[in-house]
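Following: one structure in structure tokens, then a few remarks.
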Amino acid sequence: MTTLNNFSKLHEITEQAIDWAFLNGLTMVKARSEDDIKNNITNIQHLPFSLLPSKMPKILYQQALHLAKDFNMLVHNLSRDFNFIQNTLKNVQDEFTQNLLNIHRIVTAEGIKQNVSLGIFRSDYMIHQPNDIDTPLLYQVELNTISSSFGSLSSKVFELHKYLIEYNQLEEYDLKSHPENKSLDLIVHHLARAFDFYTNGSSRSTTNNTKVIMMIVQKCERNIFDQKWIQLKLLNDHRIKLIRKTLREVYDNAKLTESGQLIIDGQEVVISYYRAGYTPNDYYGKEEWDARLLIEKSKSIKCPTIAHHLVGAKKIQQAIANDSLLEKYIKDPEALKRMKASFTGLYSLSKEDIDIEVVKKAIENPHLYVMKPQREGGGNNIYNGKVAESLRTMTRDELSSYILMDKIVSKPYKANIIKDRELIEIDALYELGIFGLFISEGDEIRYNEEGGVLLRTKNSSSDEGGVAAGFAVVDSFVLF
């Protein structure tokens with residue numbers, strides 16, 4: 001047996017971990033300089049990851065797993081309520097949200113061409129335990145309904161940690177308490193199931209074109225290997241071809257048949273799987289918005305639908321934390337109890353229902369609150385002193401694009417992480433993401449499952465938690 005109180009042993013394991021990462025595709029593209037782009041140079045680096053697993057309370061992990069199906073159902077039920085989505089978001093003044101709402105109105109008015117909906121969601125949680133409470137609580141940070149990433153590389157980090165523990169016989173870690181994470185396999189199997197709905201179900205195509213899944217991607221995607229694992233496994237395990245296209249490429253090359261099939265480069269798109277399109281930065285102009293509308297008008301199965309995407313807006317997350325509203329969409333009393341317990345304080349900043357007293361408290365104690373915008377992607381939240389400044393200086397219209405949230409306070413712990421081949425000890429916090437897999441056909445629920453986990457660990461001095469945005473590393477955990 002080996003213990004980790006030896007500095008040289010830590011560095012030996014670090015080298016083992018880096019080698020394993022490159023051997024097993026635990027990688028991402030390095031940020032490219034202007035010279036790199038000019039000379040068509042792409043450099044690869046290992047994904048930033050923790051050296052060994054963190055520790056997680058088993059009861060809170062199980063609580064998060066149970067919530068997966070609950071939030072899947074909530075997204076589904078909300079997405080079926082056109083008026084709720086439109087009315088809740090109508091006063092959000094940012095152009096991005098309004099463009100999404102416009103697409104939602106257009107495709108609803110014209111009639112939804114595809115009644116099969118596919119969800120790969122992820123609900124993110126943190127453990128709340130300030131100094132004045134003994135029992136840790138699980139609070140939801142956000143619900144991601146579009147481009148829920150790192151399912152592939154998260155499963156690889158679990159495999160890496162298992163290898164390091166076994167190879168080095170690390171007595172501090174009990175592999176019986178280190179759960180398997182099959183998020184990659186589960187997501188791929190889920191996409192294949194939806195593919196089968198299209199090719200063999202009521203929406204079966206009559207064209208002879210090759211059937212494909214189209215992944216919508218960003219122009220300069222750094223997290224490409226998380227996506228490539230899905231592409232590889234779909235072909236190896238299910239003989240399904242996945243192509244990767246930007247929204248601009250869709251605009252330039254895609255068209256609809258008279259009956260609504262989406263054709264690109266002579267191939268029929270069965271599933272339009274968004275790994276982009278969640279941020280204004282993905283829409284360079286009218287062409288990208290036209291491409292998004294074209295996809296939404298098509299018979300391809302959307303992952304997510306425009307309605308699912310909008311349900312992920314922070315304003316809807318804030319609105320649904322209202323007990324009476326939640327009870328309208330979730331009828332199961334046990335599910336209601338679980339979901340209510342996971343909500344921290346969420347407050348509207350919209351001019352029609354802003355809570356002035358809460359705003360005053362946030363200005364006086366900005367370190368206790370976070371301002372969150374409607375859009376997804378790391379690095380967009382407002383923290384600490386900037387909360388007070390923003391609340392004082394933003395116009396009412398600008399504030400309507402944010403919600404206010406009680407800050408979740410976790411207890412830091414020591415962790416070793418590896419970034420750019422360097423071993424670093426940090427005071428760490430983690431964020432637990434649970435993937436939710438969902439397929440519906442009209443009002444009928446066909447599949448509603450939990451789909452694996454993502455654990456992201458960050459320095460306690462960092463407010464943000466995105467890996468691709470450079471704030472966190474991917475981790476695994478042992479239960480206690």
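A Cβ is built for glycine as well, from the same backbone N, Cα and C atoms used for every other residue.
Curation does not apply to TrEMBL; its annotations are automatic.
The following features are taken from TrEMBL:
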type	residues	note
BINDING	R122, 146-149, 221-223, Q227, 275-278, R456, 467-468	substrate binding site
BINDING	E142, N144, E376	Mg(2+) binding site
BINDING	E142, K314, 372-381, Y383, 405-408, E431, K458, E464	ATP binding site
DOMAIN	212-311	domain 'Glutathione synthase substrate-binding'
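The most densely surrounded of the binding-site residues Y278, Y383 is Y278 (count of other Cβ atoms within 10 A of its Cβ).
When Cβ atoms from all protein chains are considered, those within 10 Å of K458 (ATP binding site) total 22, not counting its own. Secondary structure of the domain 'Glutathione synthase substrate-binding' (212-311) per DSSP, as helix, strand and coil residue counts: 43 helix, 27 strand, 30 coil. If you measure from the Cα atom of Y383 (ATP binding site) to that of V467 (substrate binding site), you get 18 Å. Fewest other C-beta atoms within 10 angstroms, among the binding-site residues R122, R222, K407, are seen around R222. Nearest neighbour of P373 (ATP binding site) by Cα distance, taken over the binding-site residues N144, S147, V467: N144. Across the binding-site residues listed here (S147, Q227), the residue whose Cβ sits among the most other Cβ atoms within 10 Å is S147. Each residue in the domain 'Glutathione synthase substrate-binding' (212-311) has a pLDDT score, and their mean in this model is 98.
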